[in-house]
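Here's what TrEMBL has on this protein:
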DOMAIN    6-131  domain 'Peptidase C39'
TRANSMEM  153-173  transmembrane segment
DOMAIN    158-439  domain 'ABC transmembrane type-1'
TRANSMEM  193-214  transmembrane segment
TRANSMEM  271-292  transmembrane segment
TRANSMEM  298-319  transmembrane segment
TRANSMEM  382-400  transmembrane segment
TRANSMEM  406-424  transmembrane segment
DOMAIN    471-677  domain 'ABC transporter'
Amino acid sequence: MQITLQQDLRDCGLSVLQSFHYEFFGKKIDINVLKKQVNFGNNGINISELKELGLKWGLALTSMSGDFESFMKIKIKTPIISIILINGAKHYVIVTKIKKDKVYFLDPIFGSKVLSSWEFKDLYQNVIITVEKAFVQEINYKISNFVFSYTGFNFNFFIVVLTIFISLLTSFASSYFLKLILDSVIPLKSNELLLYLTIVFAWLAIVRIFSNFLRGYIIGKNEKKIYLNLNEKYYSKLVNLSLKNISKLTTYDYVRRANFLSEIAAFKAQFIYGILSEIINFLFGAILLSWISYKMFLISFIIGILIFCISFIFQNIFINKYNKILVSSLKKYTTNLDFLFSLKNLKEEDNLKFINSFRNSALEEDFKINWNFEKIIKWQNYIFEFLMILSPIAITYLGISQVLKNEITIGSFLMFITGFNYFISPIRTFSEILTKYPLNKENINMVNFILSFENEQINDNGLEIKKIEKIAFENLIFEFEKNRNILNIKNFVIDSDIQISGKNGSGKSTLLKIIKTTLKPSYGSIKINNVDRNYLNLKKFRSNVFYGEQGYYFNSSSVFEFITFNNVEYAKTFKENIIKYNLNDLLINAKINFSESLQNNGASLSSGQRQIILLLRLFVRKYNLILLDESFENIDKENIEILKSAINEFQDQALFIEISHNDNFIKNNRRIYIDEINKN
C-alpha cells in the first residue's frame, strides 16, 4: 500500500482516505474534491467527519479505543488507521505492520516510517480505525479546472506563431551562411560575393532579433494579463467564500497559494508557445539532418531517444519527491512566520529556545530533502552533459569520414552540426516540460481548489431591512464538525437590547456571527423581522451591522483612515461627532494619534487603544444592529464611561447585542446567560 503525501497542514485524514480508496477501488480521488466535502474544526477533521466522508466514497470506517498494550497485540491482516500526536496536533496515519518491538506505518507527511514500540507509544492516542470496502456510487473524482483553461486563438497567438517561423528560418539562414562561405566564397575567392552575402545575412539577423523581441514582448504582456486576472479571481473568491469554507485551510495555506500565482501565470503564458516552438524546431531539425546525412541522423536519433528516456525516468523520481518538498517547505515557511510573529517575546530565553526548536528542526528537514533533490538534478545534468560531450565527437568522426569520401561537403557538415542543435534542443526542452509540468500541475490544482468553490449566496434581490425589530431563532443548530454542536437553540427571540454572559467556549461569539449572517446555521433558522436569512439581501444587511470583536485585524493605514474607512463623508461625520460628544478628552487620555501609521496589525498599539480605535468607527455612520464582543474589556473606567455615553446617544436607533465577562455593557436592560438558551 502507498500513501499520497498531504499538501496542506490539516490534510492528513484526507490523504489516508485517498490511499485506502486507491487500494480498494484502483482510482485516485483529487484530494481537493475530498476537501470540499468535509468540515474542518480547529484541530482538523474529527473521526465522525472522516467516517461520513469515507462512506460517501465506499469506505466503511469503524473506530475503537484501546490502550497501547492492546494495540501491540493486534494481528494486522489489512492496514488500519491510527491517531498519533505530532507537534501537539492529532495526526492520522496508516499502520501496516506491528512487530514485537517495531511499528510500521505510512505517514501523510513523511511517507513510509518505522518507529520502535516505545517511540510509537509516546505518540499513540488510544484510537484505531478499521477500514472495509462498502458500496460506492458513481462520483466525480476531479474538480473542473478553473486555472489552466484554454485562452483561445487570438491575433497575438498568430503573431507569435509567425515570429517562431521567422526565427526558425533566419536561424537556418545563419547556418546556411557558413555553408555558402565554405562551399562557394572560399573556392571562388570572391570578395564581392562575400560582401553581398554578409549584408543579406546581417539583415536576416536583424529581422531575427526583432522577431524574438516581438515574441518576448507579446508573451510577457500575456503573462501579465493572466497574472492580473488570476490575482483578481483569487482574492475575489476569498472575499466571497463562506466562513465554513475559509476554515478548510489555514492562513499559511492561503498565502502559499497566493505565491503560486506568478509561477502559474508564467507557465500558462509560455506553455502553448513553448511547445509549438519546440515541435517546429524538432521537425525542421529532423528533416534537415536526414536530408544532409541519414547516417549521422541515425546517431542523432539514438541520442535523442536516450535523452528522452533518461528524462522520463528522472521525471518519475521528481514527482515522487515533490510532495515531500512541498510539505517540508510548508513546515519551514510556517515556523519562520511563527518566529517573525513572536519577535517581541523572543527576548525571553525559554521562548527563544521553544520557537527555535521547531524552526531549526523544520530548516534541517527542508535542507536535507532539498539537498537530496538537488543531487538528483545534478545527476541528471551530469548524464546529459556526458551525452552532449560524446555525441558531437561521434558525429564529427562520422561526418568527417563522409567528407573525406566526398559523400558530403564541409559546408554541409557544418550545417549538420548547427541542425543537430535544432533537433536535440527541443528534446531537452520536452524533457524539462515533462519534469516541470507535474510540479506546476500540483500548484495549479492547489489554486484551483480555491477557485472551484461556489460563491456564498448573497441574494441581491432579497428583502432590505430598514430597522431591526426582532431576531428569532427556531430549532437552530450550528456545528463546524459532525456531531460537535456549538449551538442548539430551540426557540429564542431578541426584540430589545440584550446582554449575554457565559463561560469561555460556550458559543457566545458564534451566536453573534450567526446573527451577523457570516455563519449559516447547520440546521434550523434565524429570522430578522420574521424574514428568514435566506430571503434577505445579505450584502445590504451586513453593511448595516457593526461587529466589534476581539482580534480584529488592523490593515496598513493611518489611524484616521482606518476609523473612517478612508471615506470622505464618514470623515466629515466623525469630525463633527468628535466636537459634538467632546471626544477630545478620550483621545488625549488614550493617547490616540490620528496620523500614526498602523503597521504589522497595529503592533505599536496597546490592547486598550486597539479597542478604542475600533469603537470609534461607531461615530462615522449610523448602524441598524451593533454587536459588541468584549469590546470594553481592556479600556480604563474613565474612557469606558465617555464611550458608553457617546455611543448610546449617537446610535440611538440601533439594536445592541453585547457580550462581556466584566459587565461592561452600554445597555443594561435584559441580561441572559448563554446556557439558558443553548441546550448543548
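Glycine is treated like the rest: Cβ placed from N, Cα and C.
TrEMBL does not curate its annotations; it predicts them automatically.
Quantities reported herein were computed from a predicted structural model and do not represent experimental measurements.
Nonlocal intrachain contacts for the transmembrane segment (193-214), taken as residues 6+ away from its ends with a CB within less than 8 angstroms of a stretch CB, comprise 159, 163, 166-167, 170-171, 173-174, 177, 180-181, 184-185. Of the candidate ranges 153-173, 271-292, 406-424, 406-424 contributes the most Cβ pairs within a distance under 8 Å of the transmembrane segment (298-319).
The helix, strand and coil residue counts that DSSP assigns across the domain 'Peptidase C39' (6-131) are 42 helix, 46 strand, 38 coil.
Summed and averaged per residue, pLDDT over the domain 'ABC transporter' (471-677) gives 92.
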